[in-house]
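Visitor: Below, the features straight out of Swiss-Prot:
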type     : residues       : note
BINDING  : Cys563, Cys572 : [4Fe-4S] cluster binding site
BINDING  : His658         : chlorophyll a B1 binding site
BINDING  : Met666, Tyr674 : chlorophyll a B3 binding site
BINDING  : Trp675         : phylloquinone binding site
TRANSMEM : 46-69          : transmembrane segment
TRANSMEM : 135-158        : transmembrane segment
TRANSMEM : 175-199        : transmembrane segment
TRANSMEM : 273-291        : transmembrane segment
TRANSMEM : 335-358        : transmembrane segment
TRANSMEM : 374-400        : transmembrane segment
TRANSMEM : 422-444        : transmembrane segment
TRANSMEM : 521-539        : transmembrane segment
TRANSMEM : 579-600        : transmembrane segment
TRANSMEM : 647-669        : transmembrane segment
TRANSMEM : 711-731        : transmembrane segment
Amino acid sequence: MATKFPKFSQDLAQDPTTRRIWYGIATAHDFETHDGMTEENLYQKIFASHFGHLAIIFLWTSGSLFHVAWQGNFEQWIKDPLNVRPIAHAIWDPQFGQEAVDAFTQAGASNPVNIAYSGVYHWWYTIGMRTNGDLYQGSIFLLILASIMLFAGWLHLQPKFSPSLAWFKNAESRLNHHLAGLFGVSSLAWTGHLVHVAIPESRGQHVGWDNFLTTMPHPAGLGPFFTGNWGVYAQNPDTVNHVFGTSEGAGTAILTFLGGFHPQTESLWLTDMAHHHLAIAVIFIIAGHMYRTNFGIGHSIKEMLDSKAGLIGGKSQGQFNLPHQGLYETLNNSLHFQLALALASLGVITSLVAQHMYALPPYAFMARDYTTMAALYTHHQYIAGFIMVGAFAHGAIFLVRDYDPEQNKGNVLDRVLNHKEAIISHLSWVSLFLGFHTLGLYVHNDVMVAFGTPEKQILIEPVFAQFVQAASGKALYGMDVLLSNSDSLASTAGAVWLPNWLEAINSGTNSLFLTIGPGDFLVHHAIALGLHTTTLILVKGALDARGSKLMPDKKDFGYAFPCDGPGRGGTCDISAWDSFYLAMFWMLNTIGWVTFYWHWKNLSVWQENLAQFNQSSTYLMGWLRDYLWLNSSQLINGYNPYGTSNLSVWAWMFLFGHLVWATGFMFLISWRGYWQELIETIVWAHERTPLANLVRWKDKPVALSIVQARVVGLAHFTIGYVLTYAAFLIASTAGKFG
């Protein structure tokens, strides 16, 4: 007899109900719990899957390159990047008749196409690509790379080529490889590409496979490098009149520290970026060689963590030198701990990418493609949110599955768990304080505006934030501090090291240090409320994962356990899983506030209508009326009685997103018994209906478990929420700026 899905669990495969399918899907990636899984096998499987992951990424990027080269307008866009709209790909089957076909035949194309809002055109142009041929070459190269990765993944699962457990647990060598090899060398390689290809192309000098070995990126060659006269490489940078992609106004410098933006492209100087990547390469290559591997020199991480020597003097413990003994084994033997730390880092970095992409745009002319700027910011902030929640989820799984209290007695982990009540209660009062005060201010202001006395609003200037902006050089507030005070030491140094920075921060035409007022103060605190509450839920979920006052023995129940009836006071909503389920909603809503704020603030800057944001953002009705309602009008008019526009696809997506989102509540606000009764009734009717009763099923249909229904509900809520806002964001921005 053929074995049933799932093959990895005999227990589930023999389940006679539809639970088999649901739990099979839910535990497919929980390798640890699969039948016959050994620790070594677990590491090998995960290692091999990394190659599969890379293959998917390369295939995806290859597809973007291929479709733009085949169906896009890259070569036309390069000639006039500010006015030609970039095409992502053709639309093969435009529905809804000739009107829709006409509406989507746009951006100079002869057939219906989609516009690209991902910024890839700007990226490829900046890094030196100039022809469709370049794009095709890139896509074929990545396709070959994806194939190699798939082969490598398969190869590392074969007994002869699968690494041993000891190899995976060699922390120092792994750090050497990741820091020096992956981060350091790839940054060095990228510097090489920028210096040898991108910078010459930006100055009108074509560099291709035919001449890259004979074209010198700098007239002095390697002479200054070997003689230690490195300053030569920074001399004669591009002038402020440089026309990107031509030799007009171009210099010869390759590694600079100019600061600010290229006046024409409004993006960071390529030579500054090359310098940045070179510095990162040097730092990481050195960092990768600090640990003891083959030669018996360098740091041993275990020795450092177990050391009793103090930071200063011989004291082994104290406020600034908390004990870390036992952490090496704990971290090195727990994949969940490692993953939690990696996700926490990646989450922060992804959010930083969102911030920096708009404040310091790295790609030529992207700052003027407003829809792309909005899409990239929102995209990266949402992804950061998902990743951060994942960090806490795996931290909790670590505490349930891998944490050994004996091994960690008295160290920092133990201390955190021992005073978890203090941590949780502090987060709680901060959340309560922020929530009541922020909402109180908004509601007060709403009432004042509603009663026709807007002058009675409570408006607070963000003086501390303005001070930070002034210290960084913003002169508008007249605070005369550090970089905004021309007599200060900071200004003297800044004039030497970052000559263009002050001009950039005070120009008023970019998104660097936007002027802030009372509306910003309020929404900043609303976002702080969301962040602190999300953190409270996540931290409490993780710290109580093994046990709490109500239920001291959660360990053997695992990470996700359902309600246990009224026994022990009821175990509803107290598993670690339940906390992350709740935190997901807070995370999504918080990032909603973040992206609403960013989008409205920037719309007012781009439309040169700052007064609208400043006046309407101080009360809730202003947000609802002047941001959400006002900006959804273009969207809702994608289809109307007078015809259709190229926003119609977003209008449909907006509608469909709401539908998916609302469907989520059917699973979220419901009980198993109701569904079980409904299922029994449908089954009964089915079995008694002629023709229909010829079709039977082997699994007995049963209602979803509480945890499953929550997952299905959360998935609909999340996907619907993101689809709805994505459609709103893109259509409202593209509707205004094309």
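The chain as shown is numbered from 1 upward.
Cβ atoms are placed via backbone N, Cα and C, with glycine included.
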Visitor: Give me the CA-CA distance between Trp675 (phylloquinone binding site) and Met666 (chlorophyll a B3 binding site), in Å, as a whole number.
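Guide: Their Cα atoms are separated by 11 Å.
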Visitor: With Cβ distances under 8 Å as the criterion, find the stretch in 46-69, 175-199, 335-358, 422-444, 521-539 that has the most pairs with the transmembrane segment (135-158).
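Guide: When the Cβ pairs under 8 Å are tallied, 46-69 comes out ahead.
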Visitor: A 10 Å Cβ contact count, applied to the binding-site residues Tyr674, Trp675: which residue has the minimum?
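Guide: Among the binding-site residues Tyr674, Trp675, the lowest count of other Cβ atoms within 10 Å belongs to Tyr674.
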Visitor: Report, as numbers and ranges, which residues of the same chain sit near the transmembrane segment (374-400): CB under 8 Å and 6 or more residues beyond its ends.
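Guide: Distant contacts of the transmembrane segment (374-400): 117-119, 334, 336-337, 339-341, 343-344, 346-348, 350-351, 353-354, 357-358, 534, 538-539, 541-543, 545-546, 554-555, 558-559, 576, 579-580, 583-584, 587-588, 590-591, 594-595, 598-599, 602, 722, 725-726, 729-730, 733.
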Visitor: Residues sitting near the transmembrane segment (46-69): Cβ under 8 Å, six or more positions beyond its termini, same chain?
Guide: 31, 86-89, 116, 118, 120-121, 124, 132-133, 135-136, 138-140, 142-143, 145-147, 149-150, 152-154, 156-157, 162-163, 168, 335
Visitor: Let me know the most crowded of the binding-site residues, choosing from Cys563, Cys572, Met666 and counting other Cβ atoms within 10 Å.
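Guide: By the 10 Å Cβ neighbour count, Cys563 comes out on top.
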Visitor: To the transmembrane segment (422-444), which of 335-358, 521-539, 579-600 is linked by the most Cβ pairs under 8 Å?
Guide: 521-539
Visitor: Are there any residues in the same chain, six or more apart in sequence, whose C-beta is under 8 angstroms from the C-beta of His658 (chlorophyll a B1 binding site), and if so which?
Guide: Gly720, Thr724
Visitor: With a Cβ cut-off under 8 Å, give me the same-chain residues at least six positions beyond the ends of the transmembrane segment (273-291) that come close to it.
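Guide: For the transmembrane segment (273-291), the far contacts come to 171-172, 175-181, 183-185, 187-188, 190-191, 194-195, 198-199, 234, 254-257, 298-301, 362.
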Visitor: Would you kindly list the residues that approach the transmembrane segment (521-539) from elsewhere in its chain, counting only those six or more residues past its ends and only Cβ-Cβ distances under 8 Å?
Guide: 389, 392, 423-424, 427-428, 430-431, 434-435, 437-438, 441-442, 460-462, 465, 579-580, 582-583, 586-587, 589-590, 593-594, 597, 617-618
